[in-house]
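As structure tokens, the structure follows; a few thoughts come after it.
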Amino acid sequence: MIITMNRNQIDDEMTLFSQLHPGDYGQIPPPPRGLKPRRRRRRGRGGVGEADGVPGGLVGMKKRKLSDQQVMMLEQNFGSEHKLESERKDRLASELGLDPRQVAVWFQNRRARWKNKKLEEEYSKLKSLHDSAIIEKCHLQAEVLKLKEQLGEADKQIHKLSSALEEGHRKCREGHDGVNGSNSPSMTSISTEPLSLPPGFLGDLAYELDDILEWLSHYM
DNA sequence: TTGTGTTTTATTGCCTCC
DNA sequence: GGAGGCAATAAAACACAA
């Protein structure tokens with residue numbers, strides 16, 4: 001898997017990584033103060049073939065792949081400890097018939113690979129967390145929508161109810177103002193009958209409304 | 001065989017720590 | 001100031017499709 005990132009992304013990842021793995025060997029150094037643009041280095045295969053001044057004594061050495069045996073041994077050592085003290089480096093080098101510098105370089109590159117792998121793992125972990133958070137968010141949004149619809153419906157019913165109450169009230173007043181007699185509408189005509197609330201729709205509120213209606217029929 | 005992409009080995013330049 | 005670490009990068013080695 002190839003991840004292409006620009007410098008800023010990499011820096012962000014590094015920061016994240018160092019936060020997630022504070023104890024890991026690779027303490028990411030703080031951003032260099034007054035970061036100078038890196039000087040483009042000159043190359044020239046002269047490095048390897050130079051007669052002198054080449055660190056590690058790789059003079060005249062052609063770049064050569066390490067044998068499976070050597071790699072296995074190095075991997076074993078890396079597995080037990082990612083850091084390489086100079087004593088171990090020299091011992092390993094002589095055991096494997098390599099230059100100590102080669103051993104150091106191998107560890108260097110191996111640490112870099114290990115770090116990249118860790119980063120990729122961390123990335124996939126965070127990505128799956130992010131994905132499930134997105135899904136959860138969708139569910140919650142759908143739920144909010146549903147609840148809003150229910151709320152609108154409840155508002156309508158409440159409106160209906162209060163209109164019915166008002167109507168009852170009005171009729172009641174008319175009854176009182178007119179002749180006390182047979183044609184006065186009784187409070188029992190105020191009924192919640194036309195209100196077809198879904199069962200359990202208003203919950204406890206429905207009981208309260210019944211109480212209110214009863215109370216009104218008593219005192220009006 | 002050859003072009004192309006990936007991996008591995010090695011170098012360079014900079015930084016930190018002792 | 002030197003040793004050692006790291007990022008960036010070059011270049012050899014390797015894998016593999018066309």
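Numbers here mean position along the shown chain, with the first residue as 1.
Note that Cβ sites are derived from N, Cα and C of the backbone, with glycine treated the same way.
As given in TrEMBL:
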| type | residues | note |
| --- | --- | --- |
| COMPBIAS | A:35-45 | compositional bias 'Basic residues' |
| COMPBIAS | A:46-59 | compositional bias 'Gly residues' |
| DOMAIN | A:62-117 | domain 'Homeobox' |
| DNA_BIND | A:64-118 | DNA-binding region |
| COILED | A:109-164 | coiled coil |
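Helix, strand and coil residue tallies for the domain 'Homeobox' (A:62-117), in that order: 42 helix, 0 strand, 14 coil [DSSP]. Confidence in the domain 'Homeobox' (A:62-117), given as mean pLDDT, stands at 92.
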